[in-house]
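Participant: One structure, pasted below without further comment.
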Amino acid sequence: MRRYVAALDQGTTSTRCIVFDHGGRVLGLAQREHEQIFPRPGWVEHDAETIWRNTELVLAEAMRTLELSAADIAAVGITNQRETTLVWERATGKPIHHAIVWQDTRTDRLVGELGGAQGPTRYQDRTGLPLSTYFAGPKLRWILDHVPDARERAEAGELCFGTMDSWLLWNLTGAHITDVTNASRTMLMDLRTQRWDEDICADFGVPPAMLPEIRSSSEVYGEITAGPLAGVAVAGILGDQQAATFGQACLSPGEAKNTYGTGNFMLLNTGTTPVFSKHGLLTTVCYRLDDQPAVYALEGSIAVTGSLVQWLRDNLGLISSADEIEPLARSVDDNGGAYIVPAFSGLFAPRWRPDARGVIAGLTRFVTKAHLARAVLESTAFQTREVVDAMRADAESQQLDLELTTLKVDGGMTANDLLMQFQSDILDVPVVRPVVAETTALGAAYAAGLAVGYWSGTDDIRANWAADTTWRPTMSDQDRATHLAAWNKAVERTYNWTA
């Protein structure tokens with residue numbers, strides 16, 4: 001009896017294997033971190049071969065620790081850091097360059113050139129995305145331009161491009177495939193047809209021969225060829241934020257989740273018709289189950305939230321561990337008038353200002369490190385409020401029935417009760433954390449399990465979801481308005497630093 005489903009969660013800082021039972025509960029997990037490589041300011045890379053070795057190790061470790069074999073696992077799902085870009089040799093499977101990570105900004109000038117006179121929105125009506133260093137297409141173009149002979153080899157069919165899902169699947173099964181959610185983050189896929197857009201690929205100088213096949217998020221892509229799970233089907237792939245949305249059972253239009261990690265990523269399910277934002281949000285594929293129509297989402301991507309706590313710890317030394325920030329912030333009643341805008345690599349949604357850089361505003365002699373700790377946490381909530389406002393503006397202007405009444409949350413920072421209460425206060429809606437915190441891996445497990453009949457349908461996913469903690473707003477309208485006005489003033493101080 002195949003009693004469990006395994007998920008591989010290939011993230012920005014680590015790779016994990018998590019095993020789930022039919023109730024969506026975590027049976028056990030294994031995790032390995034990998035190095036963050038910073039060759040130059042603004043550049044971020046990963047060693048993809050190390051990530052693959054770590055994948056093999058966590059698979060084996062999880063099976064060994066739980067005393068399971070391939071006969072116990074119904075299917076494997078993959079979820080991954082999105083946009084991180086890799087090119088490898090088809091014949092040897094060897095990368096020709098380190099993976100270029102989603103946070104990397106080396107393509108800033110290239111993005112401007114690609115936009116031309118039309119600017120960042122040149123391809124948005126087809127891809128749902130503004131031209132940005134964030135997405136995979138410009139990163140791929142950079143590799144083709146800068147690695148000797150890469151373009152010629154790609155045109156000859158000797159090279160494969162993929163995001164990290166494709167890299168893991170290639171090594172597990174030999175198949176060169178991506179799913180529609182990851183493809184939707186490349187800037188090379190037409191959102192409506194869910195196929196590679198030949199004209200955009202030509203504009204980017206990307207040979208179609210190197211692109212993976214686009215498939216649904218829930219189907220059998222192939223069987224694992226070696227290791228402790230040899231013969232088990234890989235049957236689900238979702239980009240990490242889409243996986244968290246699926247794992248949070250945001251399966252109906254108007255349901256939204258916000259993941260608090262290195263950055264914040266809020267997705268709002270908009271149903272089977274793509275909604276193109278006029279207010280700085282991304283339009284993306286939320287998921288597609290086998291041959292069913294794709295479900296779309298509006299997304300607000302925030303670059304720096306949890307990593308701001310790391311900055312406070314590692315760069316300023318104001319705390320020695322991340323979990324010290326909550327008691328420090330609680331030791332004062334408010335932020336003392338200080339606001340921190342962490343535009344370390346520009347501002348993502350909804351402002352999209354690559355010229356912005358971080359500021360601390362409102363400093364006086366009264367401000368202590370406790371006030372700064374509180375300002376760090378509050379900046380996450382303020383940035384989330386901006387995304388929610390953009391979603392509301394899109395819904396109103398396009399007459400969509402997508403009112404956000406509750407926000408489901410997940411990710412490491414949701415353990416911070418002070419932040420979650422402030423988030424509820426500044427949004428003026430309840431904030432709900434689920435019982436199962438591993439929503440990203442759970443979403444990938446659900447996609448894989450549905451494909452092989454382990455779960456019978458999405459009703460099973462809804463039934464598995466349960467609330468753990470709910471925070472309700474207590475802030476007055478006047479206090480909320482005062483905070484938001486001060487925050488906006490601080491954000492506007494970040495503009496034009498690199499112009």
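Positions of Cβ are set from backbone N, Cα and C atoms, glycine also.
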Participant: Of THR12, THR13, THR15, THR305, which one shares the sn-glycerol 3-phosphate site with ARG82, GLU83, TYR134, ASP240 in Swiss-Prot?
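Facilitator: According to Swiss-Prot, the candidate sharing the sn-glycerol 3-phosphate site with ARG82, GLU83, TYR134, ASP240 is THR12.
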Participant: At its widest, how many Å does the recorded sn-glycerol 3-phosphate site span between Cα atoms of THR12, ARG82, GLU83, TYR134, ASP240?
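Facilitator: The widest Cα-Cα gap among those binding residues is 15 Å.
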Participant: What is the nearest of the binding-site residues ARG16, GLU83, GLN241, ASN416 to THR262 (ATP binding site), using the Cα of each?
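Facilitator: Checked the binding-site residues ARG16, GLU83, GLN241, ASN416; minimum Cα distance to THR262 (ATP binding site) goes to GLN241.
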Participant: With H, G and I counted as helix, E and B as strand and the rest as coil, say where DSSP puts ARG16 (ADP binding site).
Facilitator: strand
Participant: Around the sn-glycerol 3-phosphate site formed by THR12, ARG82, GLU83, TYR134, ASP240, list the extra residues of the same chain whose Cβ is within 8 Å of the site's Cβ centroid.
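Facilitator: Going along the sequence, the neighbours appear as ASN80, GLN81, THR84, VAL101, TRP102, ARG185, GLY239, GLN241.
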Participant: For ASP240 (sn-glycerol 3-phosphate binding site), which of the binding-site residues ARG16, GLY306, GLN310, ASN416 has the nearest Cα in space?
Facilitator: ARG16
Participant: Using the alpha carbons only, what distance in Å do you get between GLN310 (ATP binding site) and ARG16 (ADP binding site) once rounded?
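Facilitator: Just about 21 Å between their Cα atoms.
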Participant: Using Cα-Cα distances with a 10 Å cut-off, which of the binding-site residues ARG82, GLU83, TYR134, GLN241, ASN416 are near THR12 (ATP binding site)?
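Facilitator: So the list reads ARG82.
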Participant: Quick one: pull the CA-CA distance for THR13 (ATP binding site) versus ARG82 (sn-glycerol 3-phosphate binding site), whole Å only.
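Facilitator: Counting only the Cα atoms, the answer is 13 Å.
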